[in-house]
């Protein structure tokens with residue numbers, strides 16, 4: 001384990017990429033827009049304001065249309081758990097505002113229609129789209145070696161943070177479990193692994209790697225999201241520190257992830273490479289109990305404070321205990337799949353279905369409506385507004401995160417640069433690493449350390465734009 005002892009990130013750069021499902025329901029007999037056309041209407045204001053449908057915005061995030069006309073929001077670099085949840089939720093608000101503007105444009109043009117955005121991972125045809133987690137790790141880490149200790153956790157993690165789904169008339173804990181085909185791979189779509197190893201650190205490649213986890217479900221619940229990200233951060237810390245001594249490697253990772261998704265009790269035995277087997281929920285308990293011990297020696301440094309991590313571990317252990325005792329009611333305010341299942345159970349009773357029958361169309365409608373992000377319309381937003389589910393952060397944090405980049409990471413520099421460029425209508429381009437002023441003479445800098453939130457070179461770029469503001473035309477594209 002010596003290879004992990006050199007760097008333990010208790011302050012870790014983390015980000016989440018969310019692809020949203022989109023559909024447009026026309027008014028009465030008017031023509032219905034396809035998803036691709038609805039997405040183009042939605043991104044019209046983005047193109048008008050920034051000159052592209054693939055942009056970085058002043059809160060530090062990337063906003064773009066992904067393959068298959070899925071609006072995608074990639075959060076800015078965050079270095080604490082609550083910060084990340086705020087910027088993830090900010091993405092929901094930003095894309096929903098675009099959807100509402102699209103509805104206004106459709107009405108103005110006499111087309112009409114309601115644009116629906118779903119924070120889920122499956123469409124009605126069974127196509128899967130993702131919620132990708134990004135964790136900064138040291139270049140010292142060999143991802144395939146790390147994967148051997150991380151995969152048992154990620155495969156069983158769906159029990160504590162799955163979004164729940166009806167597939168083929170059956171309830172499953174996870175929406176993504178049936179749509180991954182490898183444990184660790186450099187592919188993303190063709191074979192779709194649990195951990196993607198493509199080497200794109202978006203930082204100094206001599207110092208950092210980006211661990212790209214693509215197996216997770218999109219979460220509506222803040223507490224579920226906090227448990228998903230917080231538990232993973234703690235497991236990574238323990239792996240880096242050499243604090244995980246047990247061997248829980250699974251004999252067949254893909255068979256296991258599918259079987260676990262179909263067993264809400266978590267008690268189905270999972271075969272291990274060692275030749276024994278263990279219930280999935282027991283594997284989670286092993287990790288959670290190790291995390292509780294780890295917190296005693298972790299140290300309260302920058303990033304997510306120990307008090308918040310203790311809150312994560314407490315929720316983690318409580319969730320495991322509730323699943324072990326089949327007390328799903330205890331999870332019905334905190335864990336997405338259990339919240340959804342409790343709603344489906346009520347609907348089954350109203351319809352007259354048995355608890356094992358999920359074939360009724362109204363259940364599928366409820367399954368989808370749970371993920372509608374529109375306040376006052378989506379099922380989960382209504383639960384949240386009625387205080388029927390628990391929160392991790394508050395609305396003020398989310399609103400601020402829609403406008404201002406995280407102040408503690410590199411994103412602050414990008415946000416400051418983009419805000420100034422927008423005000424000055426300067427011709428610029430930006431990505432995760434680079435900031436560029438295109439004219440009069442190209443000026444470019446690279447920000448290779450995602451932990452740094454100050455840099456004199458950014459101040460110089462902004463001064464350069466101000467000095468040449470008179471030469472910038474009003475139709476300049478910002479990309």
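Heads up, residue numbers simply count up from 1 along the chain you see.
Just so it is clear, glycine is given a Cβ too, placed from its N, Cα and C backbone atoms.
Between the candidates 62, 439, Swiss-Prot assigns the ATP site shared with 75, 432 to 62. The number of other CB atoms found within 10 A of the CB of residue 72 (Mg(2+) binding site), across every protein chain shown, is 20. In this record, ATP is bound by 62, 75, 432; the longest C-alpha to C-alpha distance in that set is 11 Å. Apart from 17, 64, 72, the residues listed for Mg(2+), the same chain places the Cβ atoms of 18, 19, 62, 63, 66, 70, 71, 73, 74 within 8 Å of the centroid of those Cβ atoms.
Residues 62, 75, 432 make up the record's ATP site, and a Cβ search at 8 Å around their centroid adds 15, 17, 56, 60, 61, 74, 76, 77, 411 from the same chain.
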